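Student: Below are the features listed in TrEMBL for this protein:
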- A:127-424: domain 'NADH:quinone oxidoreductase/Mrp antiporter transmembrane' (DOMAIN)
- A:6-23: transmembrane segment (TRANSMEM)
- A:30-48: transmembrane segment (TRANSMEM)
- A:80-98: transmembrane segment (TRANSMEM)
- A:110-128: transmembrane segment (TRANSMEM)
- A:134-151: transmembrane segment (TRANSMEM)
- A:163-185: transmembrane segment (TRANSMEM)
- A:205-225: transmembrane segment (TRANSMEM)
- A:246-265: transmembrane segment (TRANSMEM)
- A:306-326: transmembrane segment (TRANSMEM)
- A:338-355: transmembrane segment (TRANSMEM)
- A:410-430: transmembrane segment (TRANSMEM)
- A:450-470: transmembrane segment (TRANSMEM)
Amino acid sequence: MMPILSMIVLIPLIFAALALLTKTKEQARVIALAGTVIVLLLTVYMYFNFDSTIADNQFEELAQWVPSLGITYHLGVDGIAMPLILLNAIVLPLLVLFTWNDDRKSPNKFYACILATEGAVIGVFAALDFFLFYIFWELTLIPLFFMVSIWGGPNKHKAAIKFFIYTHVASLVMLLGIFGLYFAAWDMTGTPTLDIPTLISQFQFIESGIAKDMIFLALLFGFIVKIPSFPFHSWLPDAYTEAPTAGSVLFVMLKIGGYGLFKVMLPMLPFTASPNLMITIMAALGSVSVLYGAFLALSQKDMKRMVAYSSVSHMGYVTLGAAGLISLSVSGAMFQQFSHGLIMSIMFMSCGVINNTTGTRIMNDLGGLAQKMPKLAVIMVLTFMASLGLPGLTGFIAEVSVLAGSFVNLPSYVIIAVLAIVITAAYHLWALQRAMFGVYNEKLGTVTDINTFQTFSMGVIAILILYFGLHPNPVFDMMMTNSEHIVSLMAAMGV
Amino acid sequence: MAVENLAFLIPVLPALAFVLTFFLGKKLPTGGAIIPIAAIATSFIISLLITLNLLANPEEVVSQSYSWFAILNVGILVDPLAAVMLTMVTFVSLLIHIYSTGYMSHDKAPSRYFAETALFTASMLGLILSDNILQLFICWELVGVCSYLLIGFWFEKPSAATAAKKAFLTTRIGDVMFLTGIIVLFSDLFKIFNGNVPDGVYILRFDEIFAHIPDLAAINANIFGMEVSHITLITLLFFGGAVGKSGQFPLHVWLPDAMEGPTTVSALIHAATMVTAGVYLVARTFPMFIAAPDSLMVVAYVGAFTAIFAGTMGIVMNDLKRVLAYSTVSQLGYMMLGLGVGAAVGSEAVGIALFHLINHAFFKALLFLCAGSVIHAVGTHDMRQLGGVAKVMPITAITMIIASLALTGIGIPGTSIGTSGFFSKDAIIENAYLFGETTGTWLPYIFSIAAALLTSIYIFRLIFMTFYGKPRTDYGGHESPASMTIPLSILALCALVFGGLTTKTFNTFVSETFVNNFVNMDISSLATLGGYHLAEHAGEEPMLILWLPLIMALAGLVITFLIYGLKIVNMDKLVSRNNPIYKLLYNRYYQNSIFTNFISVKVIYEGFAFAGRAVDRGFDWIVKWFSDFTLEAGESLRQFQTGAVQNYATAVITGVSLLVILIKVVMEVL
């Protein structure tokens with residue numbers, strides 16, 4: 001059997017190197033498209049051969065690497081990782097098409113960054129060894145750092161450094177947690193291993209309760225900064241806003257924080273010394289993020305910054321749903337990651353298009369764009385509706401699953417999140433009203449609607465938002481299988 | 001093939017029409033209006049056939065369920081309650097679509113209009129035949145978004161964009177309550193099943209919910225020190241949703257502004273596809289309300305208050321459509337009252353409320369379409385500029401007068417002679433009287449009878465100001481084309497005779513919904529569960545009670561005739577424009593200042609959102625302080641700070657190694 005996972009991870013990295021060698025925009029974008037399309041085809045093949053009825057890792061590849069330290073080359077996907085790999089594989093080729101006609105400096109490096117991010121992010125989802133996991137985890141930082149600092153907006157350097165340092169510090173804390181787990185397990189069993197499933201299963205046998213909680217919190221910190229969750233979100237608005245459109249979309253694809261929550265945190269949660277405390281922390285951070293992000297989004301004048309804060313708000317559902325510990329809420333949280341990736345891609349693309357054609361993203365300076373950009377208007381209205389949780393679109397499936405599921409165990413936190421629903425609707429509609437509707441602002445000069453490539457890529461994502469909103473099963477079923485598995489572990493422990 | 005199997009087509013056909021019209025409409029004449037018209041006509045025929053079949057065989061309820069995702073399902077349920085709603089909505093929507101081909105003929109984007117109205121209709125139909133509460137909510141939201149799109153149809157007009165947003169956000173407040181109710185219900189049922197819901201059992205299906213009403217009533221919540229049973233909590237939250245959607249006080253504020261869209265959209269919203277959804281929700285979940293008498297009491301009070309409150313504003317408005325908008329709010333109040341009195345009369349309340357809903361749909365659609373016809377011809381909706389329109393537009397004038405008679409409920413008590421509104425509105429008022437007798441609370445009855453007078457005043461004021469006398473300005477005008485007058489005539493016929501023809505059968509047919517098919521407990525034992533007993537029918541009410549609504553209606557007619565017809569009484573002398581009560585009413589109780597300017601702008605936007613910004617800058621500052629502190633601490637290591645990422649990486653690896661050693665030590669200690 002061919003090592004399909006290795007190919008999915010390595011092909012983008014190889015193509016990134018190839019893209020660096022190209023001289024022109026035309027060559028670079030073809031390389032990028034080829035690389036991302038190959039990944040898409042392989043992923044689709046993998047998806048159709050994936051058994052969504054079992055919670056185990058599939059397509060596993062295992063090879064010894066540094067036996068003395070217990071480092072292995074171990075890859076595999078389960079129902080948590082599969083949808084996220086699929087998300088990346090679908091959006092990235094569309095992102096390349098979206099940027100097809102753009103002119104910018106060093107297109108070779110630009111497309112290399114896109115490809116490298118794809119490889120690194122999928123690498124995180126596929127890694128079943130903490131060593132690999134951490135390498136890929138840190139690898140995602142580098143192309144994104146360059147993305148912001150080379151092609152970003154006016155404050156790009158500050159934003160890039162802030163993003164880099166902030167999330168890097170968090171990664172280090174996470175690394176401490178990994179080492180803590182690694183050494184504790186090594187002490188107990190006498191054999192070193194960095195294998196993720198093995199270490200997670202050995203976590204419960206650690207004797208010291210303080211050690212268990214420290215390990216758990218260190219890992220949790222690493223993940224929730226990446227999600228990001230209130231109050232560790234302040235890197236996000238700057239990074240998302242200053243990044244070029246493609247960079248913002250790549251940030252959105254970076255679902256590794258939430259992934260860690262489901263893959264690593266939840267299976268360990270029942271075995272910590274104080275599981276209820278951990279649940280409370282997660283639920284509080286999640287629900288406050290939802291409400292806080294919504295208020296902050298409401299107060300923004302720059303459309304892209306508003307979208308960035310709305311991202312904080314939406315990702316709060318991920319943390320909250322994970323803490324809900326009912327299979328419906330956990331699956332809903334996983335689905336929120338998937339849904340959010342699709343929706344935010346279009347949101348950022350829309351901001352990018354508007355900025356390019358009008359020269360501003362300040363919503364009060366816009367106005368009446370729908371008359372001049374009808375295609376963009378249709379796609380934007382649909383996406384904004386998805387983002388504010390309109391039924392029939394993906395956002396609703398996620399939100400209702402999280403809210404209904406979490407209410408069983410966490411009623412008061414759900415009420416906090418529910419309060420945000422009206423605010424969420426308000427900032428979305430107000431943004432549409434100011435930017436797209438009303439009298440056309442003649443000061444904007446002539447604006448042009450989205451081109452064919454942009455229409456295609458945004459249109460395809462919009463159709464997917466509708467499709468998965470009506471029929472979430474193709475990804476929801478496998479999420480459900482895995483969350484039922486996780487929840488059954490909890491039930492066995494009486495959490 | 002039995003017609004029941006086609007039930008799913010009722011919402012699907014208009015939904016398909018939306019897609020087709022959206023993409024192909026531009027290439028077809030009149031914006032592709034023929035597509036939604038054909039689709040809705042077919043839906044109407046199917047609905048009618050199912051209704052007739054149900055009328056003959058009440059037990060042949062259509063019920064089909066399919067798994068959706070997780071433990072949720074999609075399905076359709078057509079029982080008598082749903083069937084009459086489906087038939088009415090398809091019928092009224094069909095007429096409005098036909099009318100729109102004339103009305104929207106000069107618009108620049110008719111295909112978008114017809115696509116959106118088709119989706120609007122589809123959503124409402126989907127809402128009606130949902131067999132579970134979540135699907136109902138989904139369609140409920142789609143109805144909301146369609147109204148947003150249609151109220152803001154002329155989005156280049158800032159006032160339209162604002163009104164659309166206001167409608168969506170105000171109803172969304174209700175929607176959140178509704179959703180919260182569903183969440184509480186879901187979690188209760190989930191716990192009742194101990195988390196193990198068997199395959200094939202969909203816990204949010206209505207029959208499943210109703211079967212667990214006793215369990216829900218047994219769960220108590222402590223809210224601000226009050227013991228509230230969960231069934232009360234859930235029904236109140238559901239009613240919160242209905243308050244938003246059906247324009248009940250205090251969430252009615254969006255409805256009068258919602259006329260920024262085309263008048264035909266107002267007709268759809270006010271008659272068929274939107275505001276009736278809230279009434280339908282309460283009717284649909286009526287067994288739950290019956291087990292929660294406190295909730296029913298709230299429904300009755302809110303409904304009665306809304307009826308009179310909106311009426312007071314209706315009598316001072318000068319805008320043709322705005323008067324009608326307040327009329328809708330008021331009439332919806334009657335419907336809610338009709339349901340609320342179920343605490344006294346049981347499931348009969350559903351039949352009567354629905355009866356009024358259907359009758360209202362006919363005459364209110366007619367009123368709006370007539371208003372549209374006038375506006376289309378004369379180009380204004382300020383009644384002060386009109387007058388004498390009857391001479392130019394006789395068909396419009398006659399049909400509108402018929403609608404007004406139906407609205408005021410002119411008819412002879414004790415007989416089957418009367419306009420549609422007479423049969424349903426009087427029944428509600430009589431039930432309110434019975435409710436007063438049973439529970440000892442008379443306020444709903446008093447409100448409802450006073451609102452009947454106000455109704456008559458505002459609508460005949462409208463008629464006299466618009467159609468009677470001499471033109472006050474030179475507006476020109478002409479009678480509307482046949483595509484508009486034919487729907488008017490059909491609706492006028494319905495407004496005139498539907499009530500009288502069906503009054504005997506309608507109530508029993510609809511009330512049977514909950515007697516035969518759903519609830520394994522009968523209504524009176526559900527009432528017992530709620531801790532009270534339904535009233536025994538004590539026979540005839542006193543003569544005065546039967547005649548009072550008619551007297552009120554005629555009194556209103558006389559008063560307005562004296563003021564606006566014969567002009568014997570000069571209103572300007574009687575009530576000065578500076579009269580505080582007049583100003584209060586004319587400024588609509590300053591609701592705009594309170595809700596929009598104060599709560600939304602001052603409290604939410606300038607208060608919370610800006611406070612949030614300050615807090616966020618605080619977090620940023622902490623992070624910055626932290627990093628500055630670290631950098632200062634590392635001042636001595638400055639020579640290593642070359643700014644290159646690889647150097648930082650080296651430092652990182654060194655640091656990590658040190659940390660590893662540290663952890664090793666810590667682990668040993670622990």
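Numbering starts at 1 and runs along the chain as it is shown here.
For all residues, glycine too, the Cβ spot is worked out from N, Cα and C.
In TrEMBL, annotation is done automatically, which means it is predicted and not curated.
Structural setting of the listed features?
Tutor: Beyond the ends of the transmembrane segment (A:6-23), by six or more residues, the same chain brings 31-32, 34-36, 38-39, 42-43, 46, 61, 75, 85, 89, 92, 107-109, 111-116, 118-120, 122-123, 126, 136, 143 to within a C-beta distance below 8 angstroms of the stretch.
For the transmembrane segment (A:80-98), same-chain residues at least 6 beyond its ends with a Cβ under 8 Å from one of its own Cβ atoms are 8, 12, 29, 32-33, 36-37, 39-40, 42-44, 46-47, 50, 111, 114, 118, 121-122, 125-126, 245-246, 249-250, 253, 255, 259, 262-263, 334-335, 337-338, 341-342, 345, 349, 453-454, 456-458, 460-461, 464, 475, 478-479, 482.
Listed by sequence, the residues of this chain that lie at least six past the ends of the transmembrane segment (A:110-128) yet keep a Cβ under 8 A from its Cβ atoms are 5, 8-13, 15-17, 19-20, 22, 28-29, 31-32, 35-36, 39, 57, 60, 74-77, 81, 84-85, 88-89, 92, 95-96, 99, 104, 135-137, 139-140, 142-144, 146-147, 150-151, 195-197, 246-247, 250, 253-256, 259.
Sequence-distant contacts of the transmembrane segment (A:163-185) (same chain, six or more residues past either end, CB-CB distance under 8 Å): 70, 130, 134, 137-138, 141, 144-145, 148, 192-194, 198-199, 202-203, 206, 211, 214-219, 221-223, 225-226, 232, 234-235, 238-239, 260.
Residues 78, 80-81, 84, 87-88, 91-92, 95, 98-99, 110, 113-114, 117-118, 121, 124-125, 137, 140, 143-144, 147-148, 151-152, 174, 196, 200, 216, 219-220, 222-228, 236, 239-240, 282, 304, 308, 311, 315, 318-319, 322, 330, 333-334, 337, 340-341, 344-345, 348-349, 351-352, 482-483, 486 of the same chain, all 6+ positions outside the transmembrane segment (A:246-265), place their C-beta atoms under 8 angstroms from a C-beta of that stretch.
Sequence-remote contacts of a segment are chain residues at least 6 beyond its ends whose Cβ falls under 8 Å from one of its Cβ atoms, and for the transmembrane segment (A:306-326) they are 224, 227-230, 233, 236-237, 240-241, 248, 252, 258, 261-262, 265-266, 279, 282-283, 285-294, 296-297, 300, 332-334, 336-337, 340, 343-344, 347-348, 351, 363, 387, 395, 398-399, 401-402, 405-410, 413-414, 417, 420, 424, 427-428, 431, 487, 490, 495.
Long-range contacts of the transmembrane segment (A:410-430) within the same chain, counting only residues at least 6 positions beyond its ends with a Cβ under 8 Å from a Cβ of the stretch, are 279, 283-284, 286-288, 290-291, 293-295, 297-298, 300, 306, 310, 313, 316-317, 320, 323-324, 384-385, 387-389, 402-403.
For the transmembrane segment (A:450-470), the list of distant contacts is 90-91, 94-95, 97-98, 100-101, 338-339, 342-343, 345-346, 349-350, 353, 373, 375-376, 379, 382-383, 386, 391-397: same-chain residues at least six beyond its ends, Cβ to Cβ under 8 Å.
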Student: Can you name the far-off residues of the same chain, 6+ from the ends of the transmembrane segment (A:30-48), with a Cβ under 8 Å from a Cβ of it?
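Tutor: The answer is 4-5, 7-8, 11-12, 14-16, 18-19, 22, 59, 77, 82, 85-86, 89-90, 92-93, 95-97, 111, 114-115, 118, 122.
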Student: Mind checking which residues of the chain, 6+ beyond the ends of the transmembrane segment (A:338-355), have their Cβ under 8 Å from one of its Cβ atoms?
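Tutor: Those are 83-84, 86-88, 91, 94-95, 98, 240, 244-245, 248-249, 252-253, 255, 303-304, 307, 310-311, 314-315, 318, 361, 366, 369, 373, 376, 379-380, 383-384, 386-387, 394-395, 397-398, 435, 450, 454, 457-458, 461-462, 464-465, 468, 475, in sequence order.
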